């Protein structure tokens, strides 16, 4: 009989996601699928979704860290859109990157023009004018 013999072959290894292989939290498989379905190019390389997922994860972590700092400065434990707005607009590089982006319920940065501020008057001290 030509059988397979004993099933002493190697057991199949546990499946490991591409995200965990790359050490990422963002889904590499989903990014790959979106790149393929988005008609950006005829073919998509294996490294492209890993790189893009890593960039997206880094930018998200950067914004969330700054927004968390803004929330802590306002003595809040929950990040709201206002904190995201303050985080992005107070950071020079993120503000340039997201210059054309409107954050809903974000408000505006507090800013008063210098000409509108009250003028500081010189106080007359005795003994100075002679």
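Every residue, even glycine, has its Cβ placed from backbone N, Cα and C.
Straight from Swiss-Prot, the features:
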type     : residues : note
COMPBIAS : 7-19     : compositional bias 'Basic residues'
CROSSLNK : 14       : ubiquitin cross-link
CROSSLNK : 16       : ubiquitin cross-link
CROSSLNK : 120      : ubiquitin cross-link
MOD_RES  : 4        : citrulline
MOD_RES  : 6        : N6-(2-hydroxyisobutyryl)lysine
MOD_RES  : 10       : N6-succinyllysine
MOD_RES  : 10       : N6-lactoyllysine
MOD_RES  : 37       : N6-(beta-hydroxybutyryl)lysine
MOD_RES  : 96       : N6-glutaryllysine
MOD_RES  : 96       : N6-(beta-hydroxybutyryl)lysine
MOD_RES  : 105      : N5-methylglutamine
MOD_RES  : 119      : N6-glutaryllysine
MOD_RES  : 119      : N6-(beta-hydroxybutyryl)lysine
MOD_RES  : 119      : N6-(2-hydroxyisobutyryl)lysine
MOD_RES  : 121      : phosphothreonine
REGION   : 1-22     : region 'Disordered'
Can you tell me the CA-to-CA distance separating residue 96 (N6-glutaryllysine) and residue 105 (N5-methylglutamine), as a whole number of Å?
20
Among the modified residues listed here, 105, 121, whose Cβ has the fewest other Cβ atoms inside 10 Å?
121
Between residue 10 (N6-succinyllysine) and residue 119 (N6-glutaryllysine), what is the CA-CA distance rounded to a whole number of Å?
83
Which numbers of helix, strand and coil residues does DSSP report for the compositional bias 'Basic residues' (7-19)?
2 helix, 0 strand, 11 coil
Among the recorded sites 14, 16, the one whose Cβ has the most other Cβ atoms within 10 Å is 16
Out of the recorded positions 37, 105, 119, 120, 121, give me the one sitting nearest to residue 16 (ubiquitin cross-link) by CA distance.
37
Which one is it: of the recorded positions 14, 37, 105, whose Cα lies the shortest distance from the Cα of residue 120 (ubiquitin cross-link)?
105
